[in-house]
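These notes are about the structure you will find just below.
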Amino acid sequence: MKLLIEIGNTSLKWALLEGTALGPMTAARHFGALPIDVLANWETLARIERVLVASVGPESVLEAVRATVEAYWQCPLQRIEPVAQAHAVRVAYADPRRLGVDRFLALIGAYWLEPEPVESGRAPEPERGMLIIDAGTAITFDGLLADGTHRGGQILPGITMLRDSLLQGTRLSPHHTQDRTERWGQDTGPAITAASLHAPAALGERLRETFKHETGRAPRVILTGGDAERLAPLFQAPVQLQPDLVLHGLARFG
C-alpha cells in the first residue's frame, strides 16, 4: 500500500493507493505544520511501502512529513517534480519546472480520468480536450488537448486573494463579505464578493469558448481545488467536480 500526499499553500491532502485503486481523500489545513489529526490518522496505518509527495507548500510541512515517514514506516519517500512529458501528457512550458507540480499532476490526473458516460442508444463520441481549473490560493486554468498536449494556461489570484488585495489597496470598507452569488451587489461587501466569485467563472467560460473555437469542440471542464464547489454553480456550461484530481495524477507514478 502506498501513501499519496499533496501539500498545498494552505492545505494538506492525502489518500491511500492499493494497487491501482485510489482510496478516499482526506484534507486538512496545515498552518505551516503537520496537523495533529493527520498524525493521528497516519499512526493507525500499517504496511505503507512507499510515500509519494507533491508539494508547492512550506518546506516546514514537507520536512515534517519526511520525519513522520521515517518514524512510522521507514519506507522510501519520493517527491514528484514536473517534467516535459509523462504519462501521455506533454507540457507546454519550455522549462516544465516552472509549471508547478500541482498543475502538472492535475493535467495527468485529468487525462486519465474515466471517459464521459454515454447516453443509452447513442454512439460514443471522439474524446475531446479539457479545461482544468484549480481554484485554490491562486486559480489556474489549463487547456489540455485530447492527445495529451498541454496548450498552456492562465493564472488569477484566488477568491480570497482577490478580495484581500482590493481591500488592502483601497479605502473600501465592506460591512460583510459572505458568499453571495448575485451578479449585482447592493452594498460594497456583496459587490466585492460577487466580483471575486464571478470573475474567475467568467474567465473559465471565456476560455471554454476559445478552446471550442480553436479545436472545433467544447472542452470537458474539470474543477478542482478548495474553492471549486463555490465556483461550480456560477458556470453556465456543465462542469465536473474532481477534488482529488492532483492525487489521481500522483497515483500514476505509483
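Backbone N, Cα and C atoms are what each Cβ position is placed from, and that goes for glycine too.
The ATP binding site annotation in TrEMBL covers Glu6, Ile7, Gly8, Asn9, Thr10, Ser11, Leu12, Lys13, Thr137. With a cut-off of 8 Å between CB atoms and residues at least 6 apart in sequence, the same chain places Arg29, His30, Phe31, Gly57, Gly136, Thr137, Gly226 near Thr10 (ATP binding site), listed in sequence order.
Over all protein chains present, the Cβ of Arg103 (substrate binding site) has 24 other Cβ atoms lying within 10 Å. Sequence annotations record features per position, and here TrEMBL assigns substrate binding site to Tyr93, Gly100, Val101, Asp102, Arg103, Thr188.
The active site, proton acceptor annotation in TrEMBL covers Asp102. Under DSSP, Asp102 (substrate binding site) is assigned to a helix (H, G or I) in the three-state scheme.
The K(+) binding site annotation in TrEMBL covers Asp134. Counting every protein chain shown, the number of other Cβ atoms lying within 10 Å of the Cβ of Asp134 (K(+) binding site) is 28.
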Q. If the ATP site is taken as the center of the Cβ atoms of Glu6, Ile7, Gly8, Asn9, Thr10, Ser11, Leu12, Lys13, Thr137, which further residues of that chain fall within 8 Å of it by their Cβ?
A. His30, Val56, Gly57, Gly136, Gly226
Q.
Cα-Cα, whole number of Å: Arg103 (substrate binding site) versus Asp134 (K(+) binding site)?
A. 8
**Q.** Cα separation, Gly8 (ATP binding site) to Asp102 (substrate binding site) (Å, whole number)
**A.** 8
Q) Between Gly100 (substrate binding site) and Glu6 (ATP binding site), how far is it from one CA atom to the other, in Å? A) 12
